[in-house]
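What follows is a short report on a single structure.
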Amino acid sequence: MITFPVSLSADWQCASLFSDLSSAEQEWLFEPHSLTAKLKSRSQCFSVKVLSEQEFELSAEQQQLLGCTQTTALNREVLLLCDNKPVVYAQSWLPASVNAANNKLHNMGERPLGDVIFQDPQLTRTDIEIARFNTQHSLQQLVAQLKLPSQSLLGRRSLFSLKDYKFLVCEVFLPGAYLY
């Protein structure tokens, strides 16, 4: 049984420190635009499966990244599926906001976050950070539950801002994803 939120505790590093990545890995990990749009372009049928959407405590690292004093945030965990095959596990951390304009990011159901945020011209993004998740990482419990082969995985994360509202998005490419 998987406990949410799935831990993505790892040695997140700036992309420049990953010199051993293949061209396919670089293409997918450093995609500056919507990963959702890129996945849609590579598949006949794209869908989102919500695994969990609930409020959780922020870690000290997450609070620091978000630059907030709040201790909780909405955590949304989804699978991005291409042709009914899970290819990306995504996790977003959305602090509560007093600004009603940002409520569109809460209660999205199976709508892809990328379809919403990349339509906003005020969206900004920090540099992408990369992490490796070895076969002993707790993320492998999800991989096993999905009946996918265990292998070292690559993930990326970025801090996004819409006006003054900051939120964190982490994406891990599952076994069989296009970048492997």
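Just so it is clear, glycine is given a Cβ too, placed from its N, Cα and C backbone atoms.
A quick note: this is a predicted structure, and the numbers were derived from the prediction, not measured.
According to Swiss-Prot, the features are:
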type: BINDING; residues: Arg76, Leu113, Glu171; note: substrate binding site
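Features per Swiss-Prot, on structure.
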{"residue": "Arg76", "record": "substrate binding site", "Cβ neighbours (10 Å)": "24"}
{"residue": "Leu113", "record": "substrate binding site", "Cβ neighbours (10 Å)": "22"}
{"residue": "Glu171", "record": "substrate binding site", "Cβ neighbours (10 Å)": "24"}
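Close to the recorded substrate site, the chain also has Glu77, Val78, Ala90, Gln91, Ser92, Pro112, Gly114, Val169, Cys170: residues not among Arg76, Leu113, Glu171 whose Cβ is within 8 Å of the site's Cβ mean position. In the three-state DSSP scheme, Glu171 (substrate binding site) is classed as strand.
Arg76 (substrate binding site) falls within a strand when secondary structure is assigned with DSSP. Spanning the residues Arg76, Leu113, Glu171 that the record associates with binding substrate, the maximal Cα-Cα distance equals 12 Å.
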